[in-house]
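Note sheet for the following structure.
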Amino acid sequence: MRRIILLILPVAALALLYSCATQAQEKPETSAMPVTLVTVRQENIQRPILASGVLAAAREVALSFKTGGIIETFFTDEGRAFKKGDLLARLDTRELRAYSEQARAARDKARRDLNRAEKLYADSAATLEQLQNARSAFMAAQAGYDAVMFNLEKAQIRAPFDGLVLKRTMEAGEMSGPGTPVLIVGNQPQQAVIRTALSDRDVLRLALGNRAEARFDAWPGRVFNGHVSRLAGTALPGSGVFEIEITLDAAEQKLLSGFVASLKIFPGQEEKLVTIPAVALSEAGGRKGYVFIYNPGTETVSRQAVEVAHILDTRIALSRGLEPGQRIVERGSAYLSDGQRVSLHP
């Protein structure tokens, strides 16, 4: 019996080894990852300039009194609309009116003196010098009266155009100095502009009339169209940047001065850039990312670094990393690694 068992054991071991070897031979190779491919193409791209700016009235004016004095009253407030010629603010004019009465009296006296001198000169009772002195005194008195009346007229502020009060810097009862702004006014919001500053490299790409798009947090999902209406001829002092203005087309939505806008400005000239579908880019960070190039000879993919120029809706423009005509993985790249075998799916 023992001899039979000893004979059976080697046979069983050989059978087990044969079975394992057969299973190893029958085990299939690692399956290829299914992917879809896309051909890299070159396009003429109008590369936009991205910036942010602040909405403002196309025309803003700081209004002030010519002479100093106590502000008597305001006839408007921030956010209020007005028409050209409307009275907006006025000084306490009691002191100026007293000066005007004094100047009027001095002028009237000088006129009487001149009339008397003219009669005396006609009767040869006054010299030519006395007549000339009287005439000079009257002219000086008249000029003094005109100056006081001019200051009295300028003791009030009238609207220079149809518009809106953007800011009131002082209150009634406060002392205003000559030329101190008390009201900041602008034209209506329908004529709004966005002011922003660009680098020298970007401003050289622009021309008057170039198209622009603006987006505001106050109106999510809305795009406001406009155009470049002003290009600065010199840099802002101490900054090295150049201010430009974007004039918005008429909009039905309410826009207020001070709204912050995200801008996309389109220069007139186009650039030839390589573009790929956005879904083909993986591991994107900043302006860097990766794609997988298909190798038809080995049916594998190679991981390739690329540099993003800018994003165009569903496509991405690249500044380096790929050449037109190359085939890359469009879908399925998230599960790939460098050198991995793939199978093509339509």
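Using the three backbone atoms N, Cα and C, a Cβ is placed for every residue, glycine included.
TrEMBL entries are annotated by machine, without manual review.
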(request) Among 100-134, 205-239, 240-274, 275-309, indicate the range for which TrEMBL gives the feature coiled coil. (result) 100-134
(message) Averaged over the domain 'CusB-like beta-barrel' (198-265), what pLDDT does the predicted model reach?
(response) 89
(message) Give me the DSSP three-state residue breakdown of the domain 'CusB-like beta-barrel' (198-265), ordered helix, strand, coil.
(response) 4 helix, 28 strand, 36 coil
